[in-house]
Each structure stands twice: as C-alpha cells, then as structure tokens.
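Participant: Submitted below is the structure of interest, expressed as structure tokens.
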C-alpha cells in the first residue's frame, strides 16, 4: 500500500496541472484579460468541452415554432413545419432556415429585429413576387446568402443588399429582369436562375455585366436562343443546358478567359468555330445532346469532354490535336462519345495526342436508319496510367465497365468539390 501513495500524489499533481492549463487557456485565449468580480461575458462555454461551442443566455430566446440548437447559437431551424408566416426572429440570429413550408409572403416586418442575418433559406415555399414587400431584403446589410429557389416568383426580387454573395432563384417563374435589378450587387459570386422563363430579350443590355465578382452562373432550363451577352470577366463556371441555343459567336469566349467549366448540352448547336473553346483554363466541357457533326480543337488543360448524342460520324484526331508537344501534354482524361453515328473506333493516334486519357465511353451508336449499333470494341474502354502500370504490369489495359450516368455529370448545379471550394 505504501508504494501506491506516491502514485496518488503524482496523479493529483497531474490533475491540478491540467486544470490550471485549461483555466489559463479559457481566460487568456477567450477574454484576453484577468476576470473581475463584476465581469459577465456575453456567452459561456458549453459544459461539453468536446464541442467547444458557445451558447447564448436564454434571454436571447428562440421562436416557439422553431429549434435553436445550443451548439449553433446563431442558427434557427424552422424548416418543414407547415408554417404559413415567418415567425418572430430574435436579434442575435444569423442563419435562418425556413425551407419546405407554406409561406406565401415576406413582409416589411419579417426581419425587423434580425439585423444580423447572414443567411436566409426560404426555398420550397409558396412565395410570389407581389407578396414580397419592397426593400425588405435590402435592409439586411449583413446578408450574404439568400435562397428563394422553388417558389412562385415571377420577377427578380429587387432591391437586394450590397453584402449579398450567393443568390439562388432556380425553379421559379421569373421572366423579366429589370435593367436596374443587378445594381449594387458587386459582391455576388454565385447566381442561380435555372428553371425559369428567361429569354434573350430578358438579358439584353448586358445586365449581368454589373456582377463584377460573379464566378458561377446557372441559366439552364430557360428559353434562351443565343449566348447571354455581357458576362463579367470573372466568370469561371457557366451552365446553359436545356435551352435552344443554335450558335456561338466566334469571339464569344475571348471575353471569358477564366472559364473553368462550360455546360451547354441539350441545345441546338450545329456548326461551331473550330477553335471556339480554345481557353487555357477550361477543365470541363459538356456539349452533349446537340447536333454537332464533327469534333473541334481541344484546349491543352481540358480534362473531361462530353460529346454524347450528337451527329458525329467520325472523329478526326488531328482536328482535336493538330500538333504534338512532348514537353506540354494535353490533360484530357475522359471522353464520352456514345449515341453518335460513329462507324469505327477512334484512331489509336488519340493516345499520342492525349497520353493521360483513362476512359473512352462508346456506348451504343446510331445508324443512318435509326437503329442502334455497337462498335467492334469495348463499350467502355479504360486505360491505365503510369502509376497503375507500375503496380501491376500484367494487368490488361482494357476492361468493360458500366456507363457513368449522365445525371452524375450533368447536374445543373455544380457539385464538383473543386467548384465548391472556389465559390
């Protein structure tokens, strides 16, 4: 028993030392001063040290219809509660979740006390433009994100605060954009207008050029017949799927040097300039489901190319890659060419031009009489890269695989991790 006493002493000293460190950290790091008898902090730490998240005193409150979690003291969750009106919002709330309700109006009093709001999610409700009081959002000088998608809006919700960075208006009935709608929105980086009723006349006058920091623009599933004019130089991701665009001006992309990804599938493109996509930063290009009859020049940094469901009868590799540069390889890794009118596989010369290519998806092809045929090659061809070959030199370089679903690559919202990190 005597030998255990020193252990008890050491353990007691260790506990005192650790506790003292925690106390020093709490005051030194959080308050940066010695506590006084009459000092009362605005918030205190939750008893569960694992979370380390502050929670506000009960006096700040929470709407009775909603839930305000202790670990996220500035968030209020009122989603999916069959609400017909916006509840009272405490002053300290910064993130407000009201999606999936039956809210029909946003009145001048809806956010009268909530001056610190940074994000409002009103998606999946029944809001109409006429039921949004003028200037109700513009008064929120800290607002950064506004979700109004999946409602019944007929007009753009103008005016909006200068602080706004992300604006989601998809799945509405918007058909007009006033010339002053984008005034003051100098910090918007992401604008989603997919699934509306926008036409060429709606975007005339280069209305979108006012968004000087815009990086992502979604205009899919509208009524556009030509490329949207006056897009800002800052744009990196452009979605134009499911419109009726039939041509692209030859110098159109010269004004978009930072473009990383372009999705213009399900349109009516037939003849496009040979080097129209000669963009040094372009990584993903989807021109599937058009009426293209031949391939085009492939920029050096392009990695994913989708040509499915066009009218292509043969692919001339020298058009895609007119010259070889052993010091600067092309980066193309994935090519999809199913549902075209190919009669034979692509020439093996493609692997000299694009040495990094991993996969070519041929799928089924369409014959002149409308029947589907399969080429005398694997439906899905994969090619090992150098690292895989080093691991297993004996493994066959081709194998069959399943078709990568179009939905995975063709979502109108950009879901690539790199995009999310950028925006």
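Cβ from N, Cα, C; glycine included.
Keep in mind the model is a prediction, meaning the values are calculated, not measured.
Pulled the feature table from Swiss-Prot, pasting it below:
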type	residues	note
CARBOHYD	113	N-linked glycosylation site
CARBOHYD	121	N-linked glycosylation site
CARBOHYD	187	N-linked glycosylation site
CARBOHYD	242	N-linked glycosylation site
CARBOHYD	278	N-linked glycosylation site
CARBOHYD	316	N-linked glycosylation site
REPEAT	213-233	repeat 'LRR 6'
REPEAT	258-279	repeat 'LRR 8'
REPEAT	281-294	repeat 'LRR 9'
Participant: Would you mind splitting the repeat 'LRR 8' (258-279) into helix, strand and coil residue counts from DSSP?
Facilitator: 0 helix, 3 strand, 19 coil
Participant: Would you mind reading off the Cα separation of residue 278 (N-linked glycosylation site) from residue 113 (N-linked glycosylation site), to the nearest angstrom?
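Facilitator: Each residue's Cα considered, residue 278 (N-linked glycosylation site) and residue 113 (N-linked glycosylation site) end up 51 Å apart.
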Participant: Using C-alpha positions only, work out which of the glycosylation sites 113, 121, 242, 316 is nearest to residue 187 (N-linked glycosylation site).
Facilitator: 121
Participant: Determine the Cβ neighbour count for residue 187 (N-linked glycosylation site): the number of other Cβ atoms within 10 Å of its Cβ.
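Facilitator: There are 16 of them.
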Participant: Measure from the CA atom of residue 242 (N-linked glycosylation site) to the CA atom of residue 113 (N-linked glycosylation site) and give the result in Å, rounded to a whole number.
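Facilitator: Pair distance, Cα basis, whole Å: 42 Å.
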Participant: Can you give me the Cα-Cα distance between residue 121 (N-linked glycosylation site) and residue 316 (N-linked glycosylation site) in Å, rounded to a whole number?
Facilitator: 49
Participant: Within a 10 Å radius of its Cβ, which of these glycosylation sites (113, 121, 242) has the fewest neighbouring Cβ atoms?
Facilitator: 113
Participant: Mean pLDDT for the repeat 'LRR 8' (258-279), rounded to an integer?
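Facilitator: Average per-residue pLDDT within the repeat 'LRR 8' (258-279): 97.
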Participant: What is the three-state DSSP composition of the repeat 'LRR 6' (213-233), stated as helix, strand and coil residue counts?
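Facilitator: Going through the repeat 'LRR 6' (213-233) residue by residue, I get 0 helix, 3 strand, 18 coil.
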Participant: Near residue 316 (N-linked glycosylation site), which residues of its own chain have a C-beta under 8 A away, given they sit six or more steps off in sequence?
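Facilitator: Looking at Cβ-Cβ distances below 8 Å from residue 316 (N-linked glycosylation site), excluding near sequence neighbours, one finds 294, 295.
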